[in-house]
Amino acid sequence: MSWQTYVDEHLMCEIEGHHLSSAAIVGHDGAVWAQSTAFPQFKPEEMTNIIKDFDEPGFLAPIGLFLGPTKYMVIQGEPGAVIRGKKGSGGITVKKTGQALVIGIYDEPMTPGQCNMVVERLGDYLVEQGL
């Protein structure tokens, strides 16, 4: 299965009539493996900061998680495994696997819990596969 198929069929899937606004799978080096059409352009240092927060939990809390034009307030995740962010009625979930970051961005009416479920389910699967 291609990385784009994982994004299209597993991250952008419909959950209770809703789906993520955008999603991507990005390598730890910041290279995009696959992304949805609406996924924001980001700066390399934004991905570097996300990786740094996985290595040093709490790093992003005082500065926020930036991805493209959006700044998310970092909320409780799972140190070293999941980062969650909030911006107005939407937010972001980032799950770290052995080789990649699985990223989902949502807006209402999708809920944070639905976004977490979609992103973490694929991330957990990739971890089980050694990826």
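For all residues, glycine too, the Cβ spot is worked out from N, Cα and C.
Here is what Swiss-Prot says about this protein:
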type     : residues     : note
DISULFID : Cys13-Cys115 : disulfide bond
MOTIF    : 81-97        : motif 'Involved in PIP2 interaction'
MOD_RES  : Thr111       : phosphothreonine
| message | Between Thr111 (phosphothreonine) and Cys13 (disulfide bond), how many Å separate their Cα atoms? | response | 14
| Excluding the flanking five residues on each side, which residues at least 6 beyond the ends of the motif 'Involved in PIP2 interaction' (81-97) place their CB within less than 8 Å of a CB in that stretch? | 21, 50-51, 53-54, 60, 64-65, 67, 70-75, 103-108, 112, 115-116, 119-120, 122-124, 126-127, 131
| query | In this structure, which of the disulfide-bonded residues Cys13, Cys115 has the fewest other Cβ atoms within 10 Å of its Cβ? | reply | Cys13
